[in-house]
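*Asks:* Dropping a structure here in C-alpha cells format, bear with me for questions.
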Amino acid sequence: MKAKFKILIPEPKSKFIRVKCRQCNNEQVIFSNATFPVRCLSCGAQIVIPKGGKAKIEGDTVRILG
C-alpha cells in the first residue's frame, strides 16, 4: 500500500505574468487572475480580459514571475 503525501505548504495557483503588448511591444506585469480589464499603459490596447477565474491574456507572455 502506497502512502499519500500531504502538501505541507500549499502554494497559490495564481501568478504574476510579464506580458508584451502586440501593438506597441510595451512590457507590463499583470496578475493571472485579473478581475478588471487591463489596458496597455502606453497605447491603451486591452491586454487582459477577465473570465471569472483565470484571465484571458490577449498579449504575448514573456515570462512568468514568482
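If you go along the chain as it appears here, the first residue is 1 and each next one adds 1.
Here the Cβ of each residue, glycine as well, is placed from N, Cα and C on the backbone.
Features from Swiss-Prot:
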type	residues	note
BINDING	Cys21, Cys24, Cys40, Cys43	Zn(2+) binding site
ZN_FING	21-43	zinc finger
*Asks:* Which number gives the other C-beta atoms within 10 angstroms of the C-beta of Cys24 (Zn(2+) binding site), all protein chains shown included?
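*Replies:* Looking across every protein chain shown, the total is 12.
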*Asks:* DSSP helix, strand and coil counts for the zinc finger (21-43)?
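*Replies:* So the counts come to 0 helix, 7 strand, 16 coil.
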*Asks:* Check each residue in the chain of Cys40 (Zn(2+) binding site) that is at least six apart in sequence and keep those whose C-beta is under 8 Å from its C-beta; list them in sequence order.
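*Replies:* In sequence order, the residues whose Cβ lies under 8 Å from that of Cys40 (Zn(2+) binding site) (at least 6 apart) are Cys21, Gln23, Cys24, Asn26, Gln28, Gln46, Ile47, Gly59.
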*Asks:* Which of Cys21, Cys43 (the binding-site residues) has the most other Cβ atoms within 10 Å?
*Replies:* Cys21
